[in-house]
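S.K.: Okay, handing you the structure first.
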Amino acid sequence: MKATIIFLLLAQVSWAGPFQQRGLFDFMLEDEASGIGPEDRAPDMPDLELLGPVCPFRCQCHLRVVQCSDLGLDKVPKDLPPDTTLLDLQNNKITEIKDGDFKNLKNLHTLILVNNKISKISPGAFTPLLKLERLYLSKNHLKELPEKMPKTLQELRAHENEITKVRKAVFNGLNQMIVVELGTNPLKSSGIENGAFQGMKKLSYIRIADTNITTIPQGLPPSLTELHLEGNKITKVDASSLKGLNNLAKLGLSFNSISAVDNGTLANTPHLRELHLDNNKLIRVPGGLAEHKYIQVVYLHNNNISAVGSNDFCPPGYNTKKASYSGVSLFSNPVQYWEIQPSTFRCVYVRSAIQLGNYK
């Protein structure tokens, strides 16, 4: 009888599947549960590579996303999984990005370093990131943009830093770049090198808002579709500053000190659809609106406009070749709404699209 029981037990063991160790932490926990100490274990340790990548201490890892945000880290964690595609390090206390911090992260697509204390980035820190597309550096202490950014980069956001210079060299070879965000930096016009953005052939969106620039940056790429320069100290819009921007669809110049827009400026942006010039010091409606074929939204509220001509917005008669306006704002200007001829807005899509009001 005893022999029969032993035989059945041996058979059951032989039918069981092979033991599979799930991870290093499982291995350690099983030791604790069983009371087995190092002296009781065979001297051969498991190959760590077979156990798979280990998530950095206190971070969370899931589906090639490594989240190490809000941990009070003062440096980039070591031994990041090499298959990581998104690394989130925001809201920490990192002060410096060093060479080797991102070694072996050849598959990283997105790097989030927002809201740290970074003041220095080594020139070769991003060199290993051969597939990086999105780099978020906002809310740090950078005085310049990093050098040798990956040529695969498509989106760079570095607002709310201490950047005073934008050199053309930092963007050399970045032919895939689409979005550049540099708002809320102590930038001056003299700090932006002429043609700094010109080499980026696919650049579509630039935002340099809430800085100290007094002019529109020169040498902007013709691929640009949106230009946001709100909240600066620009005093005038020269026709030459927008020359060649044939694809520009949205121009944001709100909250500046603009008193004049040169004649011919709008002719240099033939596909413009939205023009934001509210909260400036304009004394008249910019010229060229009536002749512009595609423009549909014009914000001119909170200016010093004292008169509006009957042909300021629409061409004489009813020109069906011009797109109808879907939004025109003129409130908070000295001009009284009853002084404006009803025919002035003959090319507006609906009357509700017109915003008029008394001057305060």
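Cβ coordinates are placed from backbone N, Cα and C, and glycine is handled just like the others.
These numbers come from a predicted model, not from an experiment.
According to Swiss-Prot, the protein carries these features:
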DISULFID  CYS55-CYS61  disulfide bond
DISULFID  CYS59-CYS68  disulfide bond
DISULFID  CYS314-CYS347  disulfide bond
CARBOHYD  SER34  O-linked glycosylation site
CARBOHYD  ASN212  N-linked glycosylation site
CARBOHYD  ASN263  N-linked glycosylation site
CARBOHYD  ASN304  N-linked glycosylation site
REPEAT    235-258  repeat 'LRR 8'
REPEAT    306-335  repeat 'LRR 11'
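Neighbours and distances for these, please.
M.R.: Other Cβ atoms within 10 Å of the Cβ of CYS59 (disulfide bond) number 18 in total over all chains.
Cβ neighbour count for CYS314 (disulfide bond) (all protein chains, 10 Å cutoff from its Cβ): 20.
In sequence order, PRO186, LEU187, LYS188, SER189, ASN232, LYS233 are the residues near ASN212 (N-linked glycosylation site), counting only same-chain partners six or more apart with C-beta under 8 A.
DSSP assigns ASN263 (N-linked glycosylation site) to coil, not to a helix or a strand. Non-local contacts of ASN263 (N-linked glycosylation site) by the CB criterion (under 8 A, 6+ apart in sequence, same chain) comprise ALA239, GLY287, GLY288.
Counting every protein chain shown, the Cβ of ASN304 (N-linked glycosylation site) has 14 other Cβ atoms within 10 Å.
Same-chain residues lying 6+ beyond the ends of the repeat 'LRR 8' (235-258) with a Cβ under 8 Å from its Cβ atoms: 209, 214-216, 218, 220, 222-229, 264-265, 267-282, 299.
For the repeat 'LRR 11' (306-335), the number of residues in each DSSP class (helix H, G, I; strand E, B; coil) is 0 helix, 4 strand, 26 coil.
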S.K.: Go through the chain and flag residues at least 6 beyond the ends of the repeat 'LRR 11' (306-335) whose CB is under 8 A from any CB in it; none is fine as an answer.
M.R.: 273, 278, 283-285, 289-300, 341, 343-349, 353-360
S.K.: I'd like to know which of these disulfide-bonded residues, CYS55, CYS61, CYS68, CYS347, is least surrounded, judged by other CB atoms within 10 A.
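M.R.: Comparing Cβ neighbours within 10 Å for the disulfide-bonded residues CYS55, CYS61, CYS68, CYS347, CYS61 has the fewest.
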S.K.: Across the repeat 'LRR 11' (306-335), what does the pLDDT come to on average, as a whole number?
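M.R.: Residues in the repeat 'LRR 11' (306-335) carry a mean pLDDT of 89 in this prediction.
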S.K.: Tell me which of the recorded positions CYS59, CYS61, CYS68, ASN304 ends up closest to CYS347 (disulfide bond) in space, Cα to Cα.
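M.R.: Minimum Cα distance from CYS347 (disulfide bond) across CYS59, CYS61, CYS68, ASN304 lands on ASN304.
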